[in-house]
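Peer 1: Got a structure for you, questions after.
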Amino acid sequence: MMRLLANEFIKVFGKKSIWLILLGAMCLNGILLYVNESSRVTRNNFYSTKHYKNIYVDLQGKSNQEALKILQDEFKTLEILMQLTYMENDILFQYNSQNGMLMDINEDELKKLEEIYKSGSYLKYTDDIWKEYWLYRDVISEITLCESYADYLNKIDEAAETLSQLPIFEEKDSFSYRNILKTPEAFNHLKGNKLYFGPSNGIKMATEFFGTDMLAVVLLIMIIASLITREKEMSQLILLKSTFLGRKPLVIAKLATAYLGSFIITVLLYGVNFFVAYHVYGFGSLNRLIQSVSGYMGSNLNITILHYFIMFLIAKLIIYILFTSIAFLFAVLAKDAVQLYLTLVSLLAVSAVAYYNIDQSSYLSIFKYLNIISFLNTYSFFKSYLNINFFDMPINYILISFITIIAKLIIAVTVSVLIFCRQKTIDNTSRITEVLKYIRSKLQLKYGYRSSRLFWHECYKIFIGGKSLLFLLVYAAVTFVTYKPLSENLSTLEDFYYKQYMLELEGEVNEDKLRYIEEEEARLSEAYNNMMQLMEEADISPYIMESYQNILAPYKALQEVKMHTDYLKTKNGSQYLYDSGYKILTGEGSGRYKDIQLALQSVIMTIVCIVYVYTVEYQTGSINLIKASYKGRLHTFLCKLGISVIILTVIYFTTYAPYFYNVLQAYGVRALSAPAYSMEHLSEIPKQISILKYLIFISVMRYIGLILTIFIIFWLSVRLKSVILTLVACICVLVLPLLFSLLGISGFDYVLLNPFLLGNVF
């Protein structure tokens, strides 16, 4: 039995390609984790991960009260200085001191604050007062929650007593009433506990990234496919079953190998997560209670963060083993890889719909929480106390989940072993293939011919045998479902007035437009001088001050227009235009990340659809027959290339057409004929190239880049002669450079095919 287990283990993990894939998955997981966390923090909180880490490093060793006093004193100064961000001169100081807005601050303190503001010394961690403000606010909030934990526990008792007396909860046999009474009891043992502050983001980053679970699911499916599906498709399983120990011992060995794979994947992927999270944020003291982590105060578990890490990894391993068992059962039942993938995708999709759409208190909540998607969000077991509505009885989520997981695991293993042992014949022809063959036979009878053309045979081999048609249909469906109309982003008054100015000035620079800018500046200057005069006379009310501020609101936008005018004067024939939409399409600002994202989508889809084209000939050995046959070399190559270009064209338009339409529909198509160098970031583009021509040019570049991708995939396929090895090599050569560009390493914009795939590199 041990020898059988060793053979199955070597069959899967004895290949270099598997370890290359695992290594690639580890790198990809680490990159995605870092990018996701950096973008999340910046998007939601403005400051960066480094700023968050540094402030906690400075607070290390201090008590809750000491840390709060330091932060609150500095935060109070920030709040006062925030008032000065509206004007970068001394107007607001004069106005506030005259009108009593800073009555509790004397003149000396006010002058000191003015000096601090002008010097910028108040920025200890960030480079902007808004970032500093949000950083201090969030950290103070985290520490305050730790300090007020006793009050939180008392409020649970008070809330339970209050809610139980409300009319809507008067039915004592209802789930809501029973849940209210049960909740205080679950927290009684925590009274008297004291929380100590520490960085919360590191713990959450290590354990809450769902992308890690998605990668793990893909890797687990790959292992199951190697153990069962591949042997079915190559008709090896029939032979193995006929041997001694070829049924029950064999299936047990395969299951054990799959479970070892689950352990390896858990260790590798979460090892990366903990390593990255520790270096990005740190974990603080591992001996502090789990409730000290932001968002985990609702947990009723009396465990430390160290205990949480250990229990989390054990629970994650058990859940991966459960998914492996379910996937193994489906692999035993499925006729080929397509059936297996479709079944598992359907399972995950249904679980996701139930998890994200069923209400927590619904009688259907059992389907919300007791499914694989809920289990994969393993941190939710520890994050908050939860009872599930089980026939109006509140059942603890952790308890019922544990029972469900064990029950599903036993059922999946038992059924898998029984079916594997009792299967007598295996028909490798899938239902999809049977339907397609039936349709083809009917068409042949109707039109009275059977095609013997090489092109159509290659089409069948690639689209049906290689599942490219299925991949394209799924990609198109996902693109359609996830499409969201873009709305014009005018988030500030400056953006609004800048648009109005540009629409007013649209066209070539001339004397009339320059005169308009001068008159507009004179109008704002006059309003400014009038306001200053009233302030000097101390004869201005808050309402008049507000009206003057409204009049002066376009000032910053006008200054931006003037700076842009100075640039346009240096470019003969350049024009004013509202360019916000065109900036997105030409890779300026956030447009750069969208370019990389779309390039990644198109490249990954191209790899998935094209990797089968040549590798299948080498894996089946038919390449030798093809090369020896008539039209088996150049003509076959041209057929494969032509079909690949057709696939690529579908991918290209599915990826980029919705994007271009979305942006142009939101921002408009005005001034498409204007020279591209009217936009400052395209200052090196020749004068004769209009915006329309430039957009066409970068689109053609991307298309050429994808065609070059086909040639690279073909070359790697011929050299490596393996689907898995070619897939790994393509990821390294084509995908990783794009991921490094996504990380902000601009040097990778010019590596390998990236200049073509991104387009906007000028």
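In case you wondered, yes, glycine gets a Cβ from its N, Cα and C as well.
Curation does not apply to TrEMBL; its annotations are automatic.
From TrEMBL, for reference:
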- 18-35: transmembrane segment (TRANSMEM)
- 209-229: transmembrane segment (TRANSMEM)
- 250-277: transmembrane segment (TRANSMEM)
- 340-358: transmembrane segment (TRANSMEM)
- 370-391: transmembrane segment (TRANSMEM)
- 397-421: transmembrane segment (TRANSMEM)
- 462-483: transmembrane segment (TRANSMEM)
- 598-616: transmembrane segment (TRANSMEM)
- 637-661: transmembrane segment (TRANSMEM)
- 694-716: transmembrane segment (TRANSMEM)
- 723-748: transmembrane segment (TRANSMEM)
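Describe the structural context of these features.
Peer 2: Sequence-distant neighbours of the transmembrane segment (340-358) (same chain, 6+ residues past either end, Cβ-Cβ under 8 Å): 217, 221, 224-225, 229, 326-327, 330-331, 333-334, 364-365, 367-369, 371-374.
Using a Cβ-Cβ cut-off under 8 Å and counting only residues 6 or more beyond its ends in the same chain, the transmembrane segment (370-391) has close neighbours at 175, 179, 182-183, 186-187, 204, 207-208, 210, 213, 217, 290, 295-296, 298-301, 303, 308, 311-312, 315-316, 319, 322-323, 326, 347-348, 350-352, 354-355, 360-363, 397-398, 400-401, 404-405.
Panel annotation: around the transmembrane segment (397-421), residues 247-248, 250-252, 255, 318-319, 321-322, 325-326, 328-329, 332-333, 369-370, 374-375, 381, 386-388, 390 of the same chain, lying at least six beyond its termini, place a Cβ under 8 Å from a Cβ of the stretch.
When Cβ-Cβ distances below 8 Å are used as the criterion, the transmembrane segment (637-661) is approached by residues 454-455, 458-459, 462-463, 468, 472, 475-476, 479, 483, 585, 594, 598, 601-602, 605-606, 609-610, 613-614, 695, 699, 702-703, 706-707, 709-710, 714 of the same chain, each at least six residues removed from its ends.
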Peer 1: With CB pairs under 8 Å as the measure, which of the listed stretches 209-229, 250-277, 462-483, 598-616, 694-716 comes out on top against the transmembrane segment (18-35)?
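Peer 2: Going through each listed stretch, the top one turns out to be 250-277.
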